[in-house]
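Below: the structure, in C-alpha cells.
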C-alpha cells in the first residue's frame with residue numbers, strides 16, 4: 001500500500017505523503033495548453049481532459065495523490081441551478097436565490113444526475129493505480145455561490161439570510177447537505193480513495209455562528225460518509241475554533257494561520273492533520289525552512305499529510321514545487 005493510503009487510514013508508513021490543493025491548475029504548462037484552446041466549462045465536460053489534468057501533477061511534481069479536476073459548483077446543475085464561468089470572475093449562478101428565490105434550489109436526484117467528472121473518476125481508476133481524492137464544497141460555502149451574482153466571500157448575504165430568513169436558510173442548507181452526501185457517494189462508487197469537503201469561507205463566521213448555523217449540516221455529511229471512505233474537512237481562517245469543532249472527519253486540513261504544534265496538541269490522537277504551508281511562499285527557499293518546521297511539529301502524529309493551507313497560486317513554479325515535494329519525502333520518519 002502506498003504512503004497516502006497508509007497515512008489516511010492510520011497505518012504505519014515510511015514517508016510523509018504530499019499533495020496540494022489546486023495542484024491540477026493554472027501553474028501547470030499542460031493545463032495552460034488546454035486553456036489556450038478550451039474554456040473551463042469545455043475542459044470539465046471532457047472526461048479525457050479531466051483525467052489528463054488530474055494526473056499530470058503525479059507525473060510532473062511527484063505528489064502522492066491526485067485530486068479530481070472539477071469545481072465545487074459542479075453538482076449544482078443537478079439542483080436546477082445554471083452555472084456559467086466568467087473570465088476573471090469564476091462561477092456565477094444565473095438563477096441565484098436573490099433573483100429566483102429558494103424555489104430555484106431543487107432537490108438533488110442522483111438517479112437523474114450525470115456529469116463527465118464521474119466518468120472521469122472511473123477512467124482515472126482504470127488507467128492509474130495512484131490514490132485519487134474526490135471532493136465537494138461545504139454547504140455554507142456552496143450557499144455563498146448560489147445566493148447572488150458572484151460569490152459572497154465574506155458571507156454578508158449568507159449571514160443576513162441566516163438571521164432574517166432562518167427557515168429559508170435551513171431549507172436550502174438541508175438540500176445542499178443532501179446533495180453533497182449523494183454526490184460523495186457517486187464519487188465513491190466511481191472509485192475515489194478519499195473525500196475532502198472544502199469550507200473555504202467558514203472563517204468569516206464567529207465560533208457561535210458556525211456552531212449554530214453550519215456545524216449541524218457538516219456533521220451530518222461526515223457522519224453519513226463515516227466508515228465508507230476516509231474524510232478530510234478543510235476550512236480557512238478558523239484558528240480560533242477549529243480544534244473545538246468536534247466533527248466526525250478523519251482529517252482536519254488547516255491553513256497556515258494555525259500553529260501546527262499547538263493544534264496537534266489540542267485534537268485527539270486518532271484525528272489526522274493535513275497542511276499547512278502558506279501557498280504564497282512556495283517559490284522561495286524559505287518554503288523549505290517552513291516545511292521543516294511544519295513536519296517537525298507534526299512528527300508525533302501517525303496520521304499526517306503535507307499540503308498547503310489553501311490552493312496553489314497561478315504563479316507557482318512547478319520546479320520549485322517539485323523540490324518541495326522531494327524535500328518532504330526526504331524527511332526520515
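Backbone N, Cα and C atoms are what each Cβ position is placed from, and that goes for glycine too.
As annotated by Swiss-Prot, substrate binding site applies to 22, 23, 24, 25, 26, 71, 145, 200, 310, with the evidence given as sequence analysis. Taken residue by residue with DSSP, residue 145 (substrate binding site) is part of a helix.
The feature site 'Transition state stabilizer' is assigned by Swiss-Prot to 71. Every protein chain considered, the tally of other Cβ atoms within 10 Å of the Cβ of residue 71 (site 'Transition state stabilizer') stands at 18.
For the binding-site residues shown (22, 26, 310), fewest C-beta neighbours within 10 angstroms: 26.
Cβ-based neighbour count (10 Å, all protein chains) for residue 24 (substrate binding site) stands at 24. All protein chains considered, the CB of residue 145 (substrate binding site) has 24 other CB atoms within 10 Å.
You'll find the Cα of residue 24 (substrate binding site) roughly 11 Å from the Cα of residue 71 (site 'Transition state stabilizer').
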